[in-house]
Amino acid sequence: MLNKLSAEFFGTFWLVFGGCGSAILAAAFPELGIGFLGVALAFGLTVLTMAYAVGGISGGHFNPAVSLGLTVAGRLPAKDLIPYWVAQVLGAIAAAAILYVIASGKDGFSAGGLASNGYGELSPGGYSMMAGLLIEIILTAFFIIIILGSTSSLAPAGFAPIAIGFGLTLIHLVSIPVTNTSVNPARSTGVALFADRAALSQLWLFWVAPLVGAVIGAIIWKGLLGRD
């Protein structure tokens, strides 16, 4: 079990360090900033690379919502769910802490949002709580469907990380303006702990919506789509 939890810790660390790090350090870099597209690609690439690296050890979840969805779908034993969540959240916090130290090394640094998720005043586009709730539920549900489908016995072998990585990239392209994209409670928790206090006050949504979406996605797959 230790090797599985270690894989989830380091996989989630890489997701937050690479994805949120690209948003914090590189998205708006003068003249050469990578922008929304670059950040979306960064998140997708973190999952793709670590899924190939450690997916064979733990399943490559790196996300409490994914672990819940796979539990509902019968792919992860229920007894493993909470240990996976703990490893994922700790990995996210460790990555966010290091990003905070790196980012604070620049003159004029302000924690600000620190790539945190939010709605209302904390939404990049000023979207409401309801908009944030809906988009996070819907996108997480589809993310679970992508994961379950691409890792099923019916899918071509060896290509699941590519589908999952590109799926997460698309999710970010759609929802960065709305919530700064979560679909991952661990990712949201890690950076919220080091951002402005307001981010913590809205963190509940980025647990509730992805977890609800994960259950919906798993039910859709099991009831309507899956045969494995």
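Placement of Cβ uses the backbone N, Cα and C atoms for every residue, glycine included.
Summarising the annotation, Swiss-Prot assigns site 'Involved in tetramerization or stability of the tetramer' to CYS20. The site 'Selectivity filter' feature in Swiss-Prot is assigned to PHE43, HIS172, THR181, ARG187. Under the heading transmembrane segment, Swiss-Prot lists 1-21, 23-43, 82-102, 129-149, 154-174, 205-225.
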Original post:
Which one, 1-21, 82-102, 129-149, 154-174, has the most C-beta pairs under 8 Å toward the transmembrane segment (205-225)?
Top reply: 129-149
Original post:
Tell me, how many other CB atoms lie within 10 A of the CB of ARG187 (site 'Selectivity filter'), whichever protein chain they belong to?
Top reply: 32
Subject >> Interface-richest range of 1-21, 129-149, 154-174 toward the transmembrane segment (82-102), CB pairs under 8 Å >> reply: 1-21
Original post:
Taking residues 6+ outside the transmembrane segment (1-21), which of them lie with a CB under 8 Å of any CB in it?
Top reply: 39, 42-43, 45-47, 49-51, 53-54, 57-63, 80, 83-84, 86-92, 94-96, 98-99, 102, 114-115, 184, 186-187, 190-191
Original post:
When a 10 Å sphere is centred on the Cβ of THR181 (site 'Selectivity filter'), how many other Cβ atoms does it contain?
Top reply: 29
Original post:
Which of the three DSSP states, helix, strand or coil, fits HIS172 (site 'Selectivity filter')?
Top reply: helix
**OP:** Give me the Cα-Cα distance between PHE43 (site 'Selectivity filter') and CYS20 (site 'Involved in tetramerization or stability of the tetramer'), rounded to a whole Å.
**Re:** 8
